[in-house]
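As recorded in TrEMBL:
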| type | residues | note |
| --- | --- | --- |
| COMPBIAS | 46-55 | compositional bias 'Basic residues' |
| COMPBIAS | 60-80 | compositional bias 'Polar residues' |
| COMPBIAS | 132-147 | compositional bias 'Basic and acidic residues' |
| COMPBIAS | 148-157 | compositional bias 'Polar residues' |
| COMPBIAS | 330-341 | compositional bias 'Acidic residues' |
| DOMAIN | 199-323 | domain 'Restriction of telomere capping protein 4 C-terminal' |
| REGION | 1-157 | region 'Disordered' |
| REGION | 330-354 | region 'Disordered' |
Amino acid sequence: MSYNSKKSFGSLDRSTSKKKANPIFAPTSKEPYSPSKRSAEDRPVYKKHKKRKAYIHQSEPPSNQASSENVLESSISKSIGNLYPAAGDSSDDEGLIDIEKLVSTSPQPTSKSEDDPVSIETFNETSDEENNSDKVKSSAESEKEDNNASILQSLSKRSQSNIDTVKEKYKDMDIPSSISSRKKLIERAEKHIDIIPKILRGKLPPSFYYDLAKKQRDKSIHETMGGTEKFQINWESFYGGYYGLKRQSIIGTLISNRFQQELKRSANTNRTVSYWTIPRFCTYVLANEILIRMVMEDMKCDFEKAEEIISATTDYGIVVADSMEVEFDLDDSDESSSDQESEMKDSLLAQILG
């Protein structure tokens, strides 16, 4: 292809001749350009529109009726009238809503007088769901009560079975019936109460219960029994035989109230008393001193035999005796009235819970 043919299809002018550019001349006017000095003919002309009422844009159906699909539009149309201008109305400007018409036709809040009664019936009404919930709850509670009653009944049967088994075990020992009167229990304990200060002063040798308490104190590095050590003690070995822990605790509280000063002095001088604390020492050591004497009366035996019996019949006291309550039948004239009873209950609970 020749050079000339390329020239006819190319976008570049490959001719060797040079074209001259048009000259640019400076403006002839010496004054700077100013829009305010433009002639009236050169200025744009704007059409002044007629002032109209204020409108708000809102999409609406093409006709002056609210669409059947829009429930909100239907409710508005029914309550405040048709807000959409007719299709042929000249004032219709691209679907605008008349604010003044909307305000004038909208329902206004009315002031309520102070004398108007206030209805509170709605606060007392309950729905079907709440009633059903109450029924379900009452049914669940009833089922729970039935289960608890069944459990208690089962435990009662098991407890009675254990009681019968233990009674059968000791039927040849002729163990007397458990004392159910607090007054009678205290009267029997009072017969032997004078041995307590003698034991505290060292004038009367104690039973093997004091030796058990002393051995437990010797194992510890603490001055007072700690929380961990409570779980390491075989508490049943300190129970008062067939009299049980309940009656043992009542006698222990009686001793604690009767000999407060002597017990405080012993706690200051005797490491075993200090380690066990006064309430525990009275219940698990000194109360057993009195119970041993009571066993001697019941079984018509000596001190050593009574120690054997009270040590061997611990399960009878736990299962049989402690299943029977001790009636509080003390008179107002008796020593240790209601205040002592409260202390006895607190002491018993404290001993059982450790």
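Every residue, even glycine, has its Cβ placed from backbone N, Cα and C.
Curation does not apply to TrEMBL; its annotations are automatic.
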Tally of DSSP helical, extended and coil residues in the domain 'Restriction of telomere capping protein 4 C-terminal' (199-323): 97 helix, 0 strand, 28 coil
Mean per-residue pLDDT computed across the domain 'Restriction of telomere capping protein 4 C-terminal' (199-323): 95
